[in-house]
């Protein structure tokens, strides 16, 4: 793979540089300005939290946003199916009906021609629906922890008839579930409870991390996102490293970093919905061999929370933990309300007023 940047990546890089320049120049101007840093490993749900802030604290998605997300939904949907098709070979799973091989070829051809952002033709849509209904494909989908698959694969593939309709327009939930890798730093502004928030979403993949630390010394609080459901999966960028272990290592390095000694840390144990389903079938010992408790949502989630809290080496630093589902607007609204109250209390305490 060459080093040529796409127009989109160049734009992201320019935007990132501009934000970094502004960060260096301005510092927090007053207690009413809240600078929040959103951190976490890749695919922990950070960008979904940003989209929720747009829904909750701004005016939601504009007509232009909807238009821009439409090709992303098409791409996420067909790329998810193509990933399952490729895994059929890798895992040696047979199709329920051998005729599905022709459908699989059609899907992979569209992806290889980079036509994955186009609306589905009637022929392609039928092929995709037949594939998704195939017993072999379903068996392969159920083994998705053994390969890399978008968390929203089932959501989109269950909605093929709706997404494939000629008059399709993405819904709020469709947009929330889109997956686009974040490169560089993305800044979002909004006002809530008389506070002016500046929320910074930073790319989570390893290659992005060196861009983080230097410009965020004066941050008010860090929201650290963890995908609870990653306990039985490996990383995209390193298929020997467990995702939960990576998150724990990253949390350790952020929590105990000299830049963040006095910074409040809010831990979002995210994707609780996926975790609740997964823990019934996939034991926590995959990630934590020493775990002896029951494989129930409550016990396993509490154990994971304790693992993160144990990384905090500062007796004066409190970790504020919330179980979240970033695609659930009501859940994020309630949690963010609580987070804001923590920030206000800490601000008052800092001024000697609390």
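Heads up, the Cβ atoms here are built off N, Cα and C, so glycines get one too.
Feature list (source: Swiss-Prot):
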- 47, 182: Mg(2+) binding site (BINDING)
- 32-354: domain 'G-alpha' (DOMAIN)
- 179: ADP-ribosylarginine (MOD_RES)
- 205: 5-glutamyl histamine (MOD_RES)
- 351: ADP-ribosylcysteine (MOD_RES)
- 35-48: region 'G1 motif' (REGION)
- 174-182: region 'G2 motif' (REGION)
- 324-329: region 'G5 motif' (REGION)
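Neighbours of residue 179 (ADP-ribosylarginine), defined as other CB atoms within 10 A of its CB across all chains, total 16. Beyond its flanks by at least six residues, the region 'G1 motif' (35-48) meets 28, 151, 176-177, 179-182, 186, 197-206, 212, 216, 218-227, 230, 235-237, 243, 246-247, 250, 254, 268, 270-271, 324, 326-327 of its own chain at Cβ-Cβ distances under 8 Å. Summary for the binding-site residues 47, 182: the Cβ-based neighbour count within 10 Å is maximal at 47. Residue 47 (Mg(2+) binding site) sits 9 Å from the residue listed as 'ADP-ribosylarginine', taking the C-alpha atoms as the reference points. According to its DSSP assignment, residue 47 (Mg(2+) binding site) is helical. Residue 182 (Mg(2+) binding site) carries neither a helix nor a strand DSSP state and counts as coil. Looking just at the region 'G5 motif' (324-329), the mean pLDDT is 97.
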